[in-house]
Amino acid sequence: MDKQPATSWSIHTRPEIIAKYEIFERVGSGAYADVYRARRLSDGLIVALKEIFDYQSAFREIDALTILNGSPNVVVMHEYFWREEENAVLVLEFLRSDLAAVIRDGKRKKKVEGGDGFSVGEIKRWMIQILTGVDACHRNLIVHRDLKPGNMLISDDGVLKLADFGQARILMEHDIVASDENQQAYKLEDKDGETSEPPEVIPDYENSPRQGSDGQEREAMSKDEYFRQVEELKAKQVVRDDTDKDSNVHDGDISCLATCTVSEMDDDLGRNSFSYDADEAVDDTQGLMTSCVGTRWFRPPELLYGSTMYGLEVDLWSLGCVFAELLSLEPLFPGISDIDQISRVTNVLGNLNEEVWPGCVDLPDYKSISFAKVESPLGIEGCLPNHSGDVISLLKKLICYDPASRATTMEMLNDKYLSEEPLPVPVSELYVPPTMSGPDEDSPRKWNDYREMDSDSDFDGFGPMNVKPTSSGFTIEFP
């Protein structure tokens, strides 16, 4: 199959689709995909039809959702249509709300009614569902790479499901996506014949066997074992496709019901002047990946500094940012540019150096930019002053410079915070707003104000700077 985006044409002209689905209004549109609400003619089920114009995003999303079929906290793909010279069309379950809408509603309630926005029990239940979904990805060595509230969809009965896998990367080989150009539709069945609901109790991940998409049980993996396996995968050069050779922001700027929301990345499509050139950096024969993925506010330091050798840990940082936003109803690091993003992280965690992250000096952009020493970092506790020590301790396990120090999803699910009083509320007691977040509402803090700034330069707003030539280019120092 040609790996160039197919010519876009209306989904209404596809006979194999209109024979099975009654297509209603378009509910989302972007540069690389359109989403329609539709009804399955055989049983009246309301679904979302996602037509993807970009080969890379389509391949990734189909591959990941096929592997994760049956995971209770991952969006369901019922089937998909994909032929030579045609756009892929995914048939997804229709979910009308997302976590960004929940956070926005919580912020409104806090302003009108006072209080904290969410109860501790509500936050715990949301986090358990998020962690369970990400754990399913990581058990199958799938890196989502764009975790944020707008990509966490919610059913009417409170079940949260991860969505928008257009930037996902699979760190192991799967032969999932069919390549027969004569075949029109590929149907997926749930493993047990129906969609399972998430458990009302916290899963015992330490003692339960791990199960992959093939149904085979796997032993629980320690953190050391995980890192060993990832290094082996990199050494064996099993990252098989070349889809990271382009900037992977395709689904980041699309607003779609049941799939994704408008991203803050739309002013950041190009790489800034100090960033590692991912187009030149990515060498699939060496198992490298692009650093230009994910939404900036949730992007970890290793990506901000241009790393192309990373793993599941990038999702763990993003999880920490989502957790912090649930707690405070504000984004933790709402950077207006990549430099501003690094600056905000530095002001909270302190300067990045070998002491806090051994090996950080080898990051592609580490020597290209530096900030004055932060004498008194704000710290996570400074960002969330009204929260308990247990909450701060949990966040610090995710929001830390060294990727190897971040807690895995398994460790997070077994943390005492999630099992002690006050207990997580039942899923049925979670309030779900009737609609999902609209454009530019993925995180609530005045994003439109940021976008109205006169210049999109990463260097504006920082005052004086020192640019020094070096043998390999230049460095930028901010006082």
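The backbone N, Cα and C atoms fix where each Cβ goes, glycine too.
Cβ neighbour count for Asp146 (active site, proton acceptor) (all protein chains, 10 Å cutoff from its Cβ): 29. As annotated by Swiss-Prot, active site, proton acceptor applies to Asp146, with the evidence given as sequence analysis.
What Swiss-Prot records for Val27, Gly28, Ser29, Gly30, Ala31, Tyr32, Ala33, Asp34, Val35, Lys50 is ATP binding site, and it gives sequence analysis as the kind of evidence. Taken residue by residue with DSSP, Ser29 (ATP binding site) is part of a strand.
According to Swiss-Prot, the compositional bias 'Basic and acidic residues' annotation covers 442-454.
Positions annotated as compositional bias 'Polar residues' by Swiss-Prot: 468-479.
Under the heading domain 'Protein kinase', Swiss-Prot lists 21-418.
Cβ neighbour count for Tyr32 (phosphotyrosine) (all protein chains, 10 Å cutoff from its Cβ): 21. Look at Swiss-Prot and you will find Tyr32 tagged as phosphotyrosine, backed by similarity to another entry.
If you look up Swiss-Prot, you'll see Ser179 (among others) marked as phosphoserine, on the strength of a large-scale study or a structure entry.
Annotated phosphoserine per Swiss-Prot: Ser208 (among others), in sequence order, evidence recorded as similarity to another entry.
What Swiss-Prot records for Ser247 (among others) is phosphoserine.
Among Val27, Gly28, Ser29, Gly30, Ala31, Tyr32, Ala33, Asp34, Val35, Lys50, the residues given in the record as binding ATP, the maximal Cα to Cα distance rounds to 14 Å. Highest Cβ count within 10 Å among the binding-site residues Val27, Ala31, Val35: Val35. Rounded to a whole number, the distance between the Cα atoms of Asp146 (active site, proton acceptor) and Tyr32 (phosphotyrosine) is 16 Å.
Of the listed binding-site residues, namely Ser29, Ala33, the sparsest Cβ surroundings within 10 Å are found at Ser29.
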